[in-house]
Amino acid sequence: MGRKNRTRQRAQPNRDGRPEGKRNRDDAGWGAGYSEIIKENKLFEHYYTELKIVPEGEFEEFMEAMREPLPATIRITGYKSHAKEILHTLKEKYFKEVQDLEVDGQKIEAPQPLSWYPDELAWHTNLSRKILRKSPLLEKFHQFLVSETESGNISRQEAVSMIPPLLMKIEPQHKILDMCAAPGSKTAQLIEMLHSDMDIPFPEGFVIANDVDNKRCYLLVHQAKRLNSPCIMVVNHDASSIPRLHFDQDGKKDILFYDRILCDVPCSGDGTMRKNIDVWKKWTTSNSIHLHGLQIRIAVRGVEQLAVGGRMVYSTCSLNPIEDEAVIAALLEKSEGALELADASADLPGLKYMPGITSWKVMTKEGQWFSDWSEVPTSRHTQIRPTMFPPTDPEKLANMKLERCMRILPHHQNTGGFFVAVLVKKAPMPWNRHGSSADAPVEAVEVSSARCVSGPPPPKKMKLFGFKEDPFVFLTEDDPIFPPIQAFYDLSPDFPKLNVLTRTREGKKRNLYMVSKELRNVLLNNSERMKVINTGVKVWSRNNDGEQFGCAFRLAQEGIYTLCPYIRARIINISVEDVKVLLTQENPFLSKLGDDAHTQAKKLEMGSIVLRYLPDPQDLDAPQCPIDLCGWRGKTSIRAFVSRNECLHYLRMVGVEVFRDKQGKRNDGSTETQEESTEDAEGLSQEADLLEQEDHNNSCVSITLQIGQIELKLCKNSHISQKIFLRSH
């Protein structure tokens with residue numbers, strides 16, 4: 001994160017210490033590569049035996065767990081109104097289908113909820129990615145996971161990675177900074193928590209997600225965009241010198257302080273040995289020693305920008321106290337009482353963890369131990385620093401309450417290793433107290449013969465790397481592009497049109513995006529101070545054909561839930577059966593809709609529309625959450641504009657199962673004969689395009705839609721034209 005510029009051309013380390021761009025072969029599944037790596041490291045065992053971070057009598061169990069593959073874990077996105085529907089589908093269908101199966105001699109255990117994650121929204125299983133991809137018995141479940149992940153309804157995320165956002169206690173009004181955010185799984189959690197009340201399209205709070213690596217920022221954008229939030233901004237800075245931002249408050253410029261900060265710093269990653277197997281042979285104590293200073297600089301920069309009364313969660317996927325308790329102790333000592341370790345022991349009932357330790361030693365890669373800074377020879381002073389040791393003053397050490405830190409050990413709940421600490425800011429940092437403004441000049445870090453005294457890192461001049469992004473240009477009060485949009489969709493008077501932006505200063509505006517009022521404030525006041533990679537959710541796309549109908553912009557599905565509270569026209573209320581028709585037929589005639597929807601559609605002129613399903617509390621077999629789809633009312637037909645994976649998601653919600661299989665095989669394994677085929681069914685060609693996979697063997701890829709007792713089967717390859725086989729059971 002905070003390395004010198006010359007290293008930016010090299011592969012950047014991930015948070016677990018692996019170079020970016022190097023694929024972890026073990027991610028492909030258990031036993032998929034790395035057979036040549038022996039899961040032994042005597043130095044690792046010697047080091048952690050000596051430090052006693054594992055309870056007495058449990059070290060062998062700890063090491064055995066480290067050698068075992070990591071269970072697969074998934075998280076259902078909690079802020080979307082569809083979360084309960086997804087959970088119901090998983091529990092009642094897919095989990096029941098996979099339990100008690102045996103694949104390649106391995107018994108598949110029924111997935112279990114993580115006991116400490118709220119509302120059963122996180123689950124773990126012994127299913128590996130390799131088994132999921134290769135086993136025909138699990139093909140439907142695998143396709144379900146892939147499509148729901150892409151549509152943002154499920155996140156495949158390591159269990160311990162879910163902990164830090166939960167400890168932040170996010171509320172919708174909070175201003176949040178994620179300092180080292182890529183690849184973005186924790187960022188996604190923060191966004192979900194911000195949108196916990198789906199009736200509020202624009203929460204007062206926002207998330208600014210930062211990463212130093214320009215390329216990884218785009219991975220972060222991909223993760224965040226799945227959630228379609230107007231309250232997320234991705235920026236590209238060195239976290240140890242991330243710029244201080246300003247915003248307008250009550251007509252005056254003020255400094256932006258964050259209510260919550262996630263400081264998930266780069267680390268040596270020895271808690272990830274279960275999935276990153278090359279850590280076994282590469283592990284030395286040098287990794288932690290080299291990262292310690294960077295971790296302190298990032299954490300100091302974080303607490304500087306934290307509001308008084310705010311919480312910062314510091315976390316690593318390392319078990320090493322040099323990266324964990326030593327960093328926290330250095331922060332507390334620098335703060336001179338401004339920071340306090342919070343007691344988070346009751347925040348996640350069911351989570352097993354070890355309290356932080358108060359005594360540790362430093363070991364070199366050659367195996368030489370030092371118990372105190374005074375023992376370190378002068379020749380090693382540039383590598384081993386005083387902040388790597390625990391405070392020598394017993395009273396000062398006791399007041400830090402380092403036991404409030406939390407270390408998760410792999411053998412306790414079958415997870416990876418992890419460390420987390422919650423800091424609360426009680427007062428401004430001491431180097432900011434001499435002036436009324438926290439933006440006052442800061443001093444450089446000084447080192448005494450004992451320990452490091454108060455002071456943040458010196459400010460660095462901002463340097464920009466990577467691609468030059470298109471500008472973010474907000475619409476003006478009198479922008480001529482907006483009145484036709486407002487009239488066509490009859491937007492309510494409280495619609496925040498000044499929050500609409502585009503990505504071009506000249507020429508025709510292709511897409512329109514929206515951000516929250518607070519993010520607009522940040523953007524307008526810091527354009528020269530930060531490098532913004534992406535922000536805003538797309539709400540309208542230019543459609544030149546629409547001009548003849550009164551509006552050149554059609555609705556975009558990505559922003560439909562942001563816009564819908566303000567749209568008062570162009571809405572057609574639809575039923576479950578209408579949803580099935582719209583998502584399985586490309587351009588159905590208006591007459592294909594139910595009577596009520598058909599009547600509504602006939603009253604509307606051609607152009608972009610909202611197709612809205614509202615749940616019926618009396619019909620418990622139907623989805624119990626609202627569905628809004630973007631559509632187009634044509635001259636005699638109607639269609640929905642929905643991405644592939646969202647289409648599959650909504651079809652599953654209304655009881656239509658969609659999956660792929662090879663031609664000639666029914667679900668029961670018997671062969672499909674040509675005589676069983678009947679007439680072509682109009683409108684499913686779109687689904688073929690959406691679901692078709694690249695075919696390397698010229699074998700046929702088929703799509704099966706199951707609606708009640710009717711199964712619709714579509715096949716396409718280079719030799720066979722599109723055909724639909726309808727079969728009644």
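Each position is counted from 1, following the chain as shown.
Quick reminder: no glycine exception, Cβ is built from N, Cα and C everywhere.
Feature annotation from TrEMBL assigns S-adenosyl-L-methionine binding site to CYS180, ALA181, ALA182, PRO183, GLY184, SER185, LYS186, ASP211, ASP238, ASP264. The Cβ neighbour count for LYS186 (S-adenosyl-L-methionine binding site), using a 10 Å radius over every protein chain in view, is 23.
The compositional bias 'Basic and acidic residues' annotation in TrEMBL covers 13-28.
The domain 'SAM-dependent MTase RsmB/NOP-type' feature in TrEMBL is assigned to 62-426.
Per TrEMBL, the feature region 'Disordered' maps to 1-30 (among others).
Here TrEMBL flags 663-685 (among others) as region 'Disordered'.
Across the residues annotated as binding S-adenosyl-L-methionine (CYS180, ALA181, ALA182, PRO183, GLY184, SER185, LYS186, ASP211, ASP238, ASP264), the widest Cα-Cα separation comes to 20 Å. Confidence in the domain 'SAM-dependent MTase RsmB/NOP-type' (62-426), given as mean pLDDT, stands at 93. GLY184 (S-adenosyl-L-methionine binding site): 28 other CB atoms within 10 A of its CB, across all protein chains.
Around ASP238 (S-adenosyl-L-methionine binding site), a 10 Å sphere centred on its CB holds 24 further CB atoms from the protein chains shown.
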